[in-house]
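**Student:** From Swiss-Prot, for reference:
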type     : residues : note
REGION   : 1-28     : region 'Disordered'
COMPBIAS : 13-27    : compositional bias 'Basic residues'
TRANSMEM : 93-113   : transmembrane segment
TOPO_DOM : 114-127  : topological domain 'Periplasmic'
TRANSMEM : 128-148  : transmembrane segment
TRANSMEM : 159-179  : transmembrane segment
TOPO_DOM : 180-192  : topological domain 'Periplasmic'
TRANSMEM : 193-215  : transmembrane segment
TRANSMEM : 224-244  : transmembrane segment
TRANSMEM : 248-268  : transmembrane segment
TRANSMEM : 271-291  : transmembrane segment
TOPO_DOM : 292-349  : topological domain 'Periplasmic'
TRANSMEM : 350-370  : transmembrane segment
TRANSMEM : 399-419  : transmembrane segment
TOPO_DOM : 420-425  : topological domain 'Periplasmic'
TRANSMEM : 426-446  : transmembrane segment
Amino acid sequence: MREPRHVPQLRASGRRFPQRGRRHRFGKRNDAMSWSDRLVSRFNGARDAGGGAAPRTAARAASGARAAAGGLASVVNGARPTRSRMLDFDYSLLWVSIALLGLGVVMVYSASIAMPDSPKYASYHDYAFLLRHCVSLVVAFVAAVIAFRVPVSTWDKYAPHLFLIALVGLVIVLIPHIGKGVNGARRWIPLGITNMQPSEIMKLAVTIYAANYTVRKQEYMQSFAKGFLPMAFAVGLVGALLLLEPDMGAFMVVAAIAMGVLFLGGVNGKLFGGLVATAVGTFTMLVWLSPWRRERIFAYLDPWDERYAQGKAYQLTHSLIAFGRGEWFGVGLGGSVEKLNYLPEAHTDFILAVIGEELGFVGVLVVILLFYWIVRRSFEIGRQALALDRTFAGLMAKGVGIWFGAQAFINMGVNLGLLPTKGLTLPLVSYGGSGILLNCISLAVLLRVDYENRVLMRGGKV
């Protein structure tokens, strides 16, 4: 005969202990209680009778409710996307730009420290050019902060107006007694404490206007009369005004920006090829018809010839000597000999030669890599904007990259003897108020494009 199963004794509360492993109604297993807790519960069972059972039940209910609420909250929080750690804009681009600006401050001071020894600057202090350069940097920083706060849509809206303002500036600089001439070129408008160079404004204006034009005329990009010809006329007009200064270097940069943006905007391939051929033919004709430009080409081809070494090729020969003295690691910061009134414009057009002499091949290579990074990031930001269907922003960003790439390439080519001498500064590095100002504004516009890209990718609005 089978023995009866053992039935647990009832406690004073009238309740049985749940069986081991049985799930509690609030989702908690009874065996999760430690042995000491169970022992205390057995001894205090009688005390729980009557009024003691209700508080304990309420406490358990509250604990279970809190657990359920916590679980629900964790489920909801798990379904919610985590906060984005995306930066507001590309800080690597910002720091590379700051590095070039900082290098420019050091090298401008080094390259200009001996200039007061010449009769032309005898009244200047040793740090006069450094002080002016630092003031230009402060003004450029303030302008860049303001430009960064301007939405890209505003630049798009007022692009034609900015182009017209820059065009008027190119006309004003040619008016006698208004435009300031230096070394036979009339490129500056005196503004009291500083000089403004309208060609620098035109570089930014044509970058923005070319992007705006390409977007407005997108359906006519395959047409010669409606798509290609109006922009070609605008660039030709700008080129004519720049050549009257004369400023061939600025014209080459402006033409490169306009042609590059049109090409990236989808202009007809045959029309673009015709534009390139026309530009090359125009430059060739200008060189051939101008005796002094022709002499400069001959001097570039053979700078060590006795006829040119002390004349048209004087800057080039001393620039090459500076690079030769620098070798791999340079003669040391401040140790340049060519800047001691041997190399003209050492703090502006030929500052790379001073960098090569004092910091050597390694220093020049670092400068090249920094500019490469700016150009690369410009195109990446532009491509990202195009992927977000922001055609104007994308073309404008790439236009900034073309601007910096073309001007840096021409300046470096001139310093290294790869290109004929042109009056172009090295962006962000060379001494100059207008150049530094417009370079910083253009980088601020580029960072604004990147900022808006990131806002849109986070699901925001601009």
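All positions are counted from 1 along the displayed chain.
Every residue, even glycine, has its Cβ placed from backbone N, Cα and C.
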**Student:** At an 8 Å Cβ cut-off, counting only pairs 6 or more apart in sequence, do the transmembrane segment (193-215) and the transmembrane segment (426-446) clear the bar of 3 or more pairs?
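**Tutor:** In this chain the transmembrane segment (193-215) contacts the transmembrane segment (426-446) - 3 or more Cβ pairs sit under 8 Å.
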**Student:** Please work out the mean pLDDT for the residues of the topological domain 'Periplasmic' (180-192).
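**Tutor:** Overall, the topological domain 'Periplasmic' (180-192) comes to a mean pLDDT of 82.
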**Student:** Let me spell it out: take the transmembrane segment (93-113), skip the flanking residues so only those 6+ beyond its ends count, and list any with a Cβ under 8 Å from a Cβ in it.
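**Tutor:** Those are 126-130, 133-134, 137, 333-334, 336, 339, 346-347, 351, 354-355, 358, 367, 370-371, 373-374, 377, 427-431, 436, 440, 443, 446-447, 450, in sequence order.
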**Student:** Summarise the topological domain 'Periplasmic' (292-349) as counts of helix, strand and coil residues per DSSP.
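**Tutor:** Taking the topological domain 'Periplasmic' (292-349) as a whole: 27 helix, 0 strand, 31 coil.
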**Student:** Quick check: do the transmembrane segment (159-179) and the transmembrane segment (224-244) share at least 3 Cβ pairs under 8 Å, counting only pairs 6+ apart in sequence?
**Tutor:** yes
**Student:** Name the range, of those listed as 248-268, 271-291, 399-419, 426-446, that has the largest tally of Cβ pairs under 8 Å with the transmembrane segment (128-148).
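**Tutor:** Counting Cβ pairs under 8 Å, the winner is 426-446.
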